[in-house]
Amino acid sequence: MAGIKKKLNIVVLMGGPSAEHEVSLNTGRMISQALDKKKYNVKPVAITKEGNWLLLKEGVKLLVENNRSLSINDSVLARHGVSAIDEIKSKKSADVVFLALHGTYGEDGAIQGLLELAGIPYTGSGILASALGMDKSMAKKILKREKIPTPNYFIFTKNNHVSLKKVKFPCVVKPVAQGSSVGVTIVRGPGQLKKAIKNALTYGQRVMVEDFIEGREITATVIGNKKPKALPLIEIKPKLSSFYNYESKYADGGSEHICPAQIPPPVTKRIQELALRAHVTLGCRGVTRTDFILHGSQPYALEINTLPGMTSVSLVPQSAATAGIKFPELLDKLIELALEK
């Protein structure tokens, strides 16, 4: 690995209080197993749903494969994040923190702020880009300002409901600050709308009601800091649902992924250019994945993921593999980017 000679201490941070807790543990397990042990001292650290930080004694192999719950039998680093970061810093046990977190606390700029204060390098985007990417409303405002096509939308809150008469059907109802399609519903008519909004509000205080656009689901991976590059596109064909929902994403055989996507070269180039613009405009680092709907030859950006999943069925590793980048090499690259000034 160019520019890095000593064996680095890598803390793989996973878990957390979000609705994507189990997905994060799976991502952390995959990363911990794939990191080259000749290059790295790998230290898996998991955050319980209650906020305890655990240094896993036996690693993460049994964590997901045997469905073992996080428990106090693991070594407790701290009862909350600030103390845990202090512990990691004081013992100089992390040259880089590899973020395998998803959703609230891990993908919204919170953990990035703690690590910035501690001066510990970490993978992925910084505080502002992470917060913007997690907030679908703010991200879409920026995309629209940059003339990146994205579906129109309204924002509903518990105390401020936009008139339902303004909503066009079908529409997509989703929490503003969740990932992995948690809380997402496609609503075909007005009779379903209030129930879908109520469900989405269980995941946060704001809900996005977005125009539904019929088309092909395409995702674009971008990797890099100062000179990012787009990787091959993937077309997603869900098998268990009408769209790429939580079950389709993480169940074995839940969806078919076609990489590279079988779309005309000019359209491929256009989508990759839009994904690069989204990555750069939001100030992202490391790797991002921007999801699109392709309606005819017109792509619409749906959202940008600043900490995309790295499980066995995740899209970024598949896109990288098509580009000739093996999973351990992809992890090497993300660590290099974390250390890049």
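Including glycine, each Cβ sits where the backbone N, Cα and C put it.
TrEMBL has this to say about the protein:
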{"type": "ACT_SITE", "residues": "E20", "note": "active site"}
{"type": "ACT_SITE", "residues": "S180", "note": "active site"}
{"type": "ACT_SITE", "residues": "S314", "note": "active site"}
{"type": "BINDING", "residues": "D291, E303", "note": "Mg(2+) 1 binding site"}
{"type": "BINDING", "residues": "E303, N305", "note": "Mg(2+) 2 binding site"}
{"type": "DOMAIN", "residues": "140-336", "note": "domain 'ATP-grasp'"}
Cβ neighbour count within 10 Å of E20 (active site): 26
Please average pLDDT over the domain 'ATP-grasp' (140-336) for the predicted structure. 88
Packing count at S314 (active site) (other Cβ atoms within 10 Å of its Cβ): 20
Specify the count of other C-beta atoms within 10 Å of the C-beta of E303 (Mg(2+) 1 binding site). 20
Same-chain residues at least 6 apart in sequence with Cβ under 8 Å of the Cβ of D291 (Mg(2+) 1 binding site), in sequence order, are E217, I218, T219, A301, L302, E303, I304, N305
Row N305 (Mg(2+) 2 binding site), column other C-beta within 10 angstroms, all chains, value 22
Can you tell me how far the Cα of S314 (active site) sits from the Cα of E20 (active site), in Å? 14
DSSP, reduced to three states, assigns E20 (active site) to coil
